[in-house]
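Asks: Sharing a structure below in structure tokens format, with a few things to ask.
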Amino acid sequence: MIVEPKFRGFICTTSHPTGCKKNVENQIEYVKENGKIEGAKRVLVLGASTGYGLASAIVASEACDAEVLGVSFEREAKGKRTASAGWYNIESLKKFSEGEGKKFISVNGDAFSNEVKSEVIDLIKENMGKVDLVIYSLAAPKRKDPVSGEVYSSCLKTVGAPFTSKTLDFHTGEIQDITINPATEEEIEGTRKVMGGEDWMLWIEALKEADVLEKGVKTIAYSYIGPEVTYPIYREGTIGRAKNDLEKTAGEINKVLKSLDGEGYISVNKALVTQASSAIPIVSLYISILYKVMKEKGTHEGCIEQIYRMFKELYEGKLNLDSENRIRIDDLEMAEDVQKAIEEIWPQITSENVFELSDAEDFKKEFFKLFGFGLEGVDYSEDVDITTV
């Protein structure tokens, strides 16, 4: 069938298999052009199908020549309904890896569950022995507590007081005022349970207990801080509370891994167009301005550039750590001159000048690319088989 983008709010409900494959191929090509990294050899990526998780799986496989086990929870095609972009991404990476004689194992299931943890441990024992790097890059709206069975939901709200600011509807290019209401205590706790560090710790404990962690193992979870303009909705909101919990967990994981000479890190990454960030009010406008400023300065990076740089710094012993022992690959975003330029543009921006003062057009293009649309070298008028790549 011919696949076109269809939307429900900020969610694209269709994905293009050939476009997703091209997107993965472009990231692989970037890594190949930039050379090998002497690093991890057996890698577990939790949340491997999109964004920073997908980039981590690609860099591990292509730059480090590592065996990779990727866990994700994606939808296969059914009838005339396409598979999710993440499903096509994983299938594409699997095909490219197999074509190069590399080992890439994928598990499609709920990484929060005990069943998937057990399945992954068995697969590591059978195929890899032990892993020397665990990437934690899970993003989900809900999580079922594996002990109590209770289902928790995450939400995007402020903490304490409502917050009004401007945001971008990237479909129309309109700048609108938006008010975000504060979360209840229950919503704050729900978001922490879904997006905090609890499940990361459960994974590390389960892997250690099963004796599938190599001596000197490293584990990294991804976080974001950003500038003050986004604090009320992000860093000081429900998501920020969950990220604080995630960051606190890194210190606790260090204690768990001490006997293995292992290390747990948080990597604070750059703001990028992802399925998650496009739905966050205020952040979409900030990213549009950020992209314009960083491209003009020649410092813009996407997921693959960020993660390649992080792996290189990690394994060459050149990590840029802050006072809280967090890896900072958001350094170029948070550079004083970049943030000063954004602060100057922010109060001036309106629906009339948004395409002039920001990269709103590119935000939209990048969003479409997440689902395999708008990539060069893909004929979108062609009939495609939506069940495969």
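Backbone N, Cα and C atoms are what each Cβ position is placed from, and that goes for glycine too.
Straight out of Swiss-Prot:
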- TYR234: active site, proton donor (ACT_SITE)
- 47-52, 73-74, 110-111, 138-139, LYS243, 272-274: NAD(+) binding site (BINDING)
- TYR224: substrate binding site (BINDING)
- GLU74: site 'Plays an important role in discriminating NADH against NADPH' (SITE)
Asks: Measure from the Cβ of PHE73 (NAD(+) binding site) and count the other Cβ atoms within 10 Å, all protein chains considered.
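Replies: Excluding its own Cβ, the number within 10 Å is 19.
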Asks: Pop the Cα-Cα gap between TYR224 (substrate binding site) and GLY51 (NAD(+) binding site) into the table, whole Å please.
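Replies: Rounded to the nearest whole number, the Cα-Cα distance is 14 Å.
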Asks: If you count Cβ atoms within 10 Å of each one, which of the recorded positions GLU74, ASP110 comes out on top?
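Replies: It comes out as GLU74.
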Asks: Would you count the other CB atoms within 10 A of the CB of LEU138 (NAD(+) binding site), including those on all shown protein chains?
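Replies: LEU138 (NAD(+) binding site): 23 neighbouring Cβ atoms within 10 Å.
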Asks: Can you grab the distance from LEU138 (NAD(+) binding site) over to GLU74 (site 'Plays an important role in discriminating NADH against NADPH')? Cα atoms, rounded to a whole Å.
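Replies: For LEU138 (NAD(+) binding site) versus GLU74 (site 'Plays an important role in discriminating NADH against NADPH'), the Cα atoms are 12 Å apart.
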Asks: List the binding-site residues among SER49, ASP110, LYS243 whose C-alpha is within 10 Å of the C-alpha of GLU74 (site 'Plays an important role in discriminating NADH against NADPH'), in sequence order, or say none.
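Replies: Of SER49, ASP110, LYS243, within range: SER49, ASP110.
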Asks: Measuring CA to CA, name the entry from the binding-site residues ASP110, LYS243, VAL273 that ends up nearest the residue listed as 'active site, proton donor'.
Replies: LYS243
Asks: Please classify the secondary structure at PHE73 (NAD(+) binding site) using three-state DSSP.
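Replies: In the DSSP reduction, PHE73 (NAD(+) binding site) maps to coil.
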Asks: Give the sequence-ordered list of residues that share a chain with LYS243 (NAD(+) binding site), lie 6 or more positions from it, and have CB atoms under 8 Å from its CB.
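Replies: Residues satisfying the criterion: MET195, GLY196, SER223, TYR224, ARG235.
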Asks: Go through TYR224, TYR234, our recorded positions, and report the one whose Cβ sees the most other Cβ atoms within 10 Å.
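Replies: By the 10 Å Cβ neighbour count, TYR234 comes out on top.
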